[in-house]
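What TrEMBL says about this protein:
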- 20-37: transmembrane segment (TRANSMEM)
- 27-517: domain 'Major facilitator superfamily (MFS) profile' (DOMAIN)
- 98-116: transmembrane segment (TRANSMEM)
- 128-150: transmembrane segment (TRANSMEM)
- 196-215: transmembrane segment (TRANSMEM)
- 221-242: transmembrane segment (TRANSMEM)
- 334-354: transmembrane segment (TRANSMEM)
- 366-386: transmembrane segment (TRANSMEM)
- 398-415: transmembrane segment (TRANSMEM)
- 421-440: transmembrane segment (TRANSMEM)
- 460-482: transmembrane segment (TRANSMEM)
- 494-513: transmembrane segment (TRANSMEM)
């Protein structure tokens, strides 16, 4: 018999379950990267909506002279709005407040919608829910760019578009995190989700490059093209997303008995038998932390509710208030509020800051801002690796937050010294700012949402994820708004605000850090986090 080719040997070396998990990992990565791809254009286009008249005139004269030499058709001409170098109503002196209001309208709607999204999403099939959100998000992202081609100068048009887009984008995060949580267990979760969460930075980078390609010539396409990409990925989601391993008879990380998925209609009955048998087994350290201080089992758990299921069985569902009672949810949610405030201020205002400080054109500033996201990729992975090794999620976040505050101060001072200094600080700041944000929204959310007191209930994961990210989105809405209000009085004031927010994020983690470091007789600090209050 002939020896199998190397490629075939590689394929058969992995099990069917492993291939499906890899497929879901890559698919959910691409799906959420496309969401972030569609959020980035507004930060790139800001510099074009309000341009410096003298510099813009010199650039356009050079561009049109080259176009005439090449025999190209002239580009779309901006309408006469009084300055000939901006887009009304953003060409006036209050443009920073107006641009800040655009950010706030999107992020405020996103924050409000996120709390509802988790509750709605746990009651609907993830594939349908996520597909609807992606197609709708693509439509409203493109609608913003349509304003360019139809010469729409109504501020209300752009605000309403941002609000609706913010609402429909809330379908994304609870859906993809729940799906990934269904397929992957807790083993090396920090590393797996740290790598997976780089979709945020990858999406931001691609969004910056795509938007920057057209920003100086036809900024409407900076929105329409990303919108089309998101909508197309929504179709891919509908065709290929598999919500749970049981849907294709794969072994589940949440099931203790793989044959439970091979027996069709008796699937859930076998799982219940396994859980019953395991009650007689010694509890692992994490489950012991669910016991009362005197070692007895809690007689009741108010945050778990049993709802009737279609097949006559039962599905554990969790209420909003019940999810808040899970130890650590409130602290991590408030920490994320301030951590996301810092991250999203950079997301929406960094290109404009680079334009003002380093005196670069809009396209180059957008390309340079991607370095912050490159640093974020390494920061998210590093946070996941460290937290897996130490098994201390809160302490890992606290350390990076502690280092981020002085780094932000250095960024405000050193970035004014030249392009090389800006590049170095972008990479370092991106790693330290994005690390805690990435860890909390992925591994920590999945840890809390699959807490053993919930008995593997994936529906709870959607609600917990929505609460944590929804609270963080409140900070994401406040950050860009405050940046728009403070930047007219100097960019230093913006950085002082970011440093204060970073310190607040650290304060909310102090109790959890103390429990991790002082848990008696435990090698794993994470166990301390899950003790009852």
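Cβ atoms are placed via backbone N, Cα and C, with glycine included.
What TrEMBL says about a protein is an automatic prediction, not a curated fact.
Not measured: the values here are computed from a predicted model.
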Are there three or more C-beta pairs under 8 angstroms joining the transmembrane segment (128-150) and the transmembrane segment (221-242), sequence spacing 6 or more?
yes
With pairs fewer than 6 apart in sequence excluded, do the transmembrane segment (494-513) and the transmembrane segment (128-150) have three or more C-beta pairs that lie under 8 Å?
no
Can you say which of 421-440, 460-482, 494-513 has the most Cβ pairs under 8 Å with the transmembrane segment (398-415)?
421-440
Taking every residue in the domain 'Major facilitator superfamily (MFS) profile' (27-517), what is their average pLDDT?
77
Short question: which residues 6 or more past the ends of the transmembrane segment (366-386) have a Cβ under 8 Å from it?
43-44, 47, 189-195, 197-198, 200-202, 204-205, 208-209, 211-212, 215, 346, 350-351, 354, 358, 360, 396-397, 400, 419, 422-423, 426-436, 438-439, 442-443
